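Report on the structure given below.
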Amino acid sequence: MLGASGTTERSGEVYLPYVGHVSDHIVLLEDGSIMTMAHVSGMAFELEDAEMRNARCRAFNTLLRNIADDHVSIYAHLVRHDDVPPSPARHFRSAFSASLSEAFEERVLSGKLLRNDHFLTLIVSPRAALGKVRRRFTKRYRQKENDLTAQTRNLEDLWHLVAGALEAYGLRRLGIREKQDVLFTEVGEALRLIMTGRFTPVPVVSGSLGASIYTDRVICGKRGLEIRTPKDSYVGSIYSFREYPATTRPGMLNVLLSLDFPLVLTQSFSFLTRSQAHSKLSLKSSQMLSSGDKAVTQISKLSEAEDALASNEFVLGAHHVSLCIYANDLNNLADRGARARTRLADAGAVVVQEGIGMEAAYWSQLPGNYKWRTRPGAITSRNFAGLVSFENFPEGSGSGHWGNAIARFRTNGGTPFDYIPHEHDVGMTAIFGPIGRGKTTLMTFILAMLEQSMVDRAGAVVLFDKDRGSELLVRATGGTYLALRRGAPSGLAPLRGLENTAASHDFLREWIVALIESDGRGGISPEENRRLVRGIHRQLSFDPHMRSIAGLREFLLHGPAEGAGARLQRWCRGNALGWAFDGELDEVKLDPSITGFDMTHLLEYEEVCAAAAAYLLHRIGAMVDGRRFVMSCDEFRAYLLNPKFAAVVDKFLLTVRKNNGMLILATQQPEHVLESQLGASLVAQCMTKIFYPSPTADRSAYIDGLKCTEKEFQAIREDMAVGSRKFLLKRESGSVVCEFDLREMREYVAVLSGRANTVRFADQLRKVQGDNPSAWLSEFMARYHEAKD
């Protein structure tokens with residue numbers, strides 16, 4: 001930047017009109033203007049219906065009409081940059097989960113995330129020019145102190161009006177922050193981020209705020225600009241609108257939110273007086289008429305605009321827009337510029353790259369630099385509301401009901417989404433997706449990441465598996481796993497597995513009665529009930545290895561076939577169902593951390609399945625005492641097919657929900673679940689729903705049953721292409737599409753989602769090397785591809 005002589009370099013401070021803070025949230029400019037800035041989180045838009053977005057646009061236009069004043073200007077900035085806050089330190093119980101988290105961060109996320117930051121700036125100019133601020137601390141300026149006070153009061157009133165109207169957008173007013181006894185100006189940091197596309201702390205100084213911001217050298221040329229820092233340099237280029245789109249719509253510039261490189265989008269809007277606005281419209285109309293312009297429609301629209309302006313349907317303002325993109329070298333810059341230009345052209349604008357005006361265009365990005373604005377144009381507040389929508393991709397939450405976010409995913413915009421398992425304090429989650437889409441892998445990944453919430457709280461995870469799909473995760477994290485068998489001793493022997501307690505007595509009485517009555521031949525007599533109670537008492541007084549259903553049966557009468565003893569006979573060892581609950585050993589060992597049960601072979605055996613569920617849930621119930629607890633169920637539709645099992649599960653889940661518990665369910669098609677009364681009830685209670693792409697998705701099931709919006713249904717059925725490795729997360733607080741692409745982590749996928757051949761291969765390794773994960777897991781992950789079908 002050359003000075004007036006043309007031979008010396010002009011100081012960047014010339015372009016930085018910021019004197020300093022007059023309060024924590026207000027900054028004084030050299031021309032006497034004052035400004036305040038806010039960071040805007042932004043509203044989710046990707047899956048919003050058009051009606052909602054149009055309503056927000058109308059509300060924003062109404063706000064602009066309410067604050068319209070020719071001494072007020074608004075700046076809106078979008079800064080897309082790679083300064084993404086790191087994930088919090090993660091602590092796990094098992095080495096596998098820690099390794100999984102680290103690999104996911106490094107292979108899937110590292111270097112692939114960008115952040116979108118919106119900023120809103122309000123500037124109030126003085127009613128009368130006060131002269132240069134450096135001459136302001138004089139007697140003349142002291143006479144104007146009352147004007148500054150009124151100006152500040154006006155700005156505060158504006159801020160409160162704007163903050164109230166845009167509360168849902170997540171506004172946070174920037175001010176002064178303290179870190180390690182040093183004060184930093186957030187306004188200065190935001191201005192520097194707008195200037196450079198990089199975040200750098202800016203301390204509060206006693207001198208000029210502008211001077212404290214300009215610490216890197218900016219060199220502007222016709223082909224672009226260069227920013228030189230002490231450690232590196234990078235280049236940029238700026239694009240502006242030569243002609244505006246014929247029409248505007250909400251979020252029309254959101255195409256920039258997902259570009260894979262840093263950029264700064266700047267827009268300013270300075271309100272015009274009503275007379276100035278009418279003059280501009282009248283002048284344009286007169287020019288077209290006097291030149292014989294045949295664009296009758298445009299002339300008519302100008303007349304309509306004058307009527308709308310007179311009716312206060314909108315206000316007019318001087319608008320300026322520029323897009324600055326950055327790259328490490330000129331070759332990359334040219335490629336990025338072409339892509340950005342195409343995106344803007346797709347929005348309907350005629351875009352031009354700045355050349356001679358590069359220097360002015362660069363400095364015009366900063367709030368208050370009106371004189372450097374290139375190609376300003378008059379637009380309506382409705383147009384401005386469409387161009388500046390303050391929409392963004394959801395960023396999730398850094399903390400929730402159980403502490404820090406347990407995982408970070410990548411959104412469609414390449415931005416981070418921090419995942420917490422709860423919506424408010426409700427941890428009910430349902431995962432839907434056709435077979436082979438990856439829902440089991442995602443479910444087990446979440447279970448592994450949940451170790452962070454459990455490790456210091458004595459929390460526990462219990463999962464009901466299908467076809468041993470989650471067995472390897474359970475074993476890799478040091479848990480216990482039991483695959484229940486059919487036709488051979490199942491592994492369940494309640495009389496041998498329960499301790500001699502009052503709770504065990506009560507449970508066994510109800511459970512044995514249910515076994516007897518499962519034949520559908522009615523209840524048992526009071527006498528038989530008394531004999532049963534005595535028998536249970538006697539059995540539990542024995543050592544566990546001496547207990548059996550066959551021994552209990554001896555306490556019941558050897559009477560007719562309709563008697564309780566005869567009806568219990570089939571459940572005794574050596575009889576038709578003796579294998580189910582009267583084996584030599586009860587293999588239910590609840591791990592204090594994670595336990596898995598595979599009931600695949602019992603699901604179609606109604607009588608056995610319901611009784612097995614009752615026993616398992618009784619054992620598990622001891623862990624549901626207020627500590628953190630997670631119950632997971634893969635392919636849970638299969639469990640709903642058994643009414644007795646479903647009834648047992650429903651009763652148990654009520655206990656889970658009341659005692660700080662979580663539930664994660666996974667199944668293929670929602671319509672199968674919604675057909676069940678319990679299934680529909682469970683899904684309704686799931687505040688978090690996760691959907692995988694489904695080209696055959698049933699409209700009624702998704703929209704009527706699962707309450708998806710039209711845009712969400714469209715994403716599930718069409719937009720999320722099969723094989724894209726994306727899922728849609730739906731919550732009341734907003735929906736988002738995230739990537740879960742583990743193609744660079746195939747050895748971990750082999751553990752998260754077991755197949756018949758990989759499970760057998762792991763069995764072989766464990767038989768030779770032992771069950772401790774440290775003995776077999778690393779070899780399995782290195783050789784899993786050797787597994788034979």
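Glycine is no exception: its Cβ is also placed from the backbone N, Cα and C atoms.
Taken from Swiss-Prot, the feature signal peptide applies to 1-38.
Secondary structure at Ile435 (ATP binding site), as computed by DSSP, is coil. Within 10 Å of the C-beta of Ile435 (ATP binding site) we count 9 further C-beta atoms, all protein chains included. According to Swiss-Prot, the ATP binding site annotation covers Gly433, Pro434, Ile435, Gly436, Arg437, Gly438, Lys439, Thr440, on the basis of sequence analysis.
Fewest Cβ neighbours within 10 Å among the binding-site residues Pro434, Gly436, Gly438: this applies to Gly436.
Sequence-distant neighbours of Thr440 (ATP binding site): residues of the same chain at least 6 apart with a C-beta under 8 Å from its C-beta are Gly469, Ser470, Asp634, Ala666, Leu752, Ser753. Classification of Thr440 (ATP binding site) by DSSP places it within a helix. Take the mean position of the Cβ atoms of Gly433, Pro434, Ile435, Gly436, Arg437, Gly438, Lys439, Thr440, the recorded ATP site; other residues of that chain with a Cβ within 8 Å of it are Gln668, Tyr692.
Every protein chain considered, the tally of other Cβ atoms within 10 Å of the Cβ of Lys439 (ATP binding site) stands at 24. Around Gly433 (ATP binding site), taking its Cβ as the centre, 23 other Cβ atoms fall within 10 Å, counting all chains.
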